[in-house]
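Enquirer: Okay, these came from TrEMBL:
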type	residues	note
ACT_SITE	His66	active site, proton acceptor
BINDING	Asp67, Val70, Gly72, Asp74, Ser76, Glu88	Ca(2+) 1 binding site
BINDING	Pro163	substrate binding site
BINDING	His193	heme b binding site
BINDING	Thr194, Asp248, Thr251, Asp256	Ca(2+) 2 binding site
DISULFID	Cys35-Cys115	disulfide bond
DISULFID	Cys68-Cys73	disulfide bond
DISULFID	Cys121-Cys327	disulfide bond
DISULFID	Cys200-Cys235	disulfide bond
DOMAIN	25-331	domain 'Plant heme peroxidase family profile'
SIGNAL	1-22	signal peptide
SITE	Arg62	site 'Transition state stabilizer'
Amino acid sequence: MERMRLLLIFISILFNATTLSGVELLVHNYYKEKCPLAEDIVRHNVEVAVLKNPRLAASLLRLHFHDCFVMGCDASVLLDNVEGMTSEKLAGPNLNSLRGFEVIDKIKYLLEEECPITVSCADILAMAARDAVELRGGPRWEVLLGRKDALESSFSGANILIPAPNSSLEVLIDNFKQQGLDIEDLVTLSGSHTIGRARCLSFRQRIYDAKEEYHYGYDHYKRYTSFRRILRSICPVEGRDNKFAPLDFQTPKRFDNHYFINILEGKGLLGSDNVLISHDLDGKITEQVWAYASNEKLFFASFAKSMIKMGNINVLTGNEGEIRRNCRFVNA
């Protein structure tokens, strides 16, 4: 039964990749009449949360990403564990890793007070991700709205569909292709690693594995050697699995284009960062990385475009799904 369910998910994703069905059903200003203060409520509470803890900006962006890559942007990632359904929060890529649920809970509570059963949890995730990026210095974009919330989660899907931090370039390209996203989207959205942190468990292989793809070819000034020494001081061969390191050592709390400068120098924290360059056989990805590294405005414009595209993956609209009263549980 579970295998059949996953097969149906894959078929749905592939159909979405071909037709982008649902995009035309999402609109700007969806809540203008239904709940005029919706976007203001989301932004204010994201701003308060990020001012208290800047790390939450990356957490909220990551929540949206991990939600969209499993069954689509339907807030399935927010569902708690209940009898008969294992939460996506317990899947390998999410367990002890995803954060920001309490921020979404508070926003949902306030929206239910203002406009009961009107604003979906999936739309809250999309708006919160946008606001989090802007509040850390990144671009702002108009979020298409009108999503409905899923009635179930997929623990198995979360384990299969979310890219791993040590993925090869081939696997990353395939992961994104399954979601209707192309190589340009892959490179652009990888730029979200300009903010946030990763656990030692996520980058240990990258600093101790001898695979050439984790280590960009040139190191004339021993910059990479020094960087690896720093990483090893944070993350030993064994132990300290939950010790954190910033994804961008230069400007860890600011959303900018420094991520692309880092990977050109072989200083991406994750193995999946560095393979964008080391596995790029025809040079097209490297060309895109150079363009973003030298032109932050270009990166920002491309990032906004790719986030809108990602936010439309396999969305539920119309009579599909529901608008949850509580983002952690389906309605009774």
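Note that Cβ sites are derived from N, Cα and C of the backbone, with glycine treated the same way.
TrEMBL does not curate its annotations; it predicts them automatically.
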Enquirer: So around the Ca(2+) 2 site, Thr194, Asp248, Thr251, Asp256 aside, which residues have their CB within 8 A of the centroid of those CB atoms?
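Expert: Going along the sequence, the neighbours come out as Ile195, Gln250, Pro252, Arg254, Phe255, Asn257, His258, Tyr259.
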Enquirer: As a test of the contact definition, list every same-chain residue at least 6 positions from Cys115 (disulfide bond) whose Cβ is closer than 8 Å to its Cβ.
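Expert: Within the chain, Cys115 (disulfide bond) has Cβ neighbours under 8 Å at Tyr31, Lys34, Cys35, Leu37, Ala38.
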Enquirer: Can you give me the residues near the recorded Ca(2+) 1 site, meaning same chain, not Asp67, Val70, Gly72, Asp74, Ser76, Glu88 themselves, Cβ no more than 8 Å from the center of the site's Cβ atoms?
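Expert: Counting only non-site residues, the set is His66, Cys68, Phe69, Met71, Cys73, Ala75, Val77, Ala150, Ser153, Ser154, Gly157, Ala158.
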Enquirer: What is the interatomic distance between the Cα atoms of Cys327 (disulfide bond) and Ser76 (Ca(2+) 1 binding site), given in whole Å?
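Expert: Per the Cα atoms, Cys327 (disulfide bond) and Ser76 (Ca(2+) 1 binding site) stand 9 Å apart.
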Enquirer: Most Cβ neighbours within 10 Å: which of the disulfide-bonded residues Cys35, Cys235 is it?
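Expert: Per the Cβ count within 10 Å, the most buried is Cys235.
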Enquirer: Can you figure out which of Val70, Asp74, Ser76, Glu88 (the binding-site residues) comes closest in space to Thr194 (Ca(2+) 2 binding site), comparing Cα atoms?
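Expert: Spatially nearest to Thr194 (Ca(2+) 2 binding site) by Cα position is Val70.
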Enquirer: If you draw a 10 Å sphere around the Cβ of His66 (active site, proton acceptor), how many other Cβ atoms fall inside it, taking every protein chain shown into account?
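Expert: There are 22 such Cβ atoms around His66 (active site, proton acceptor).
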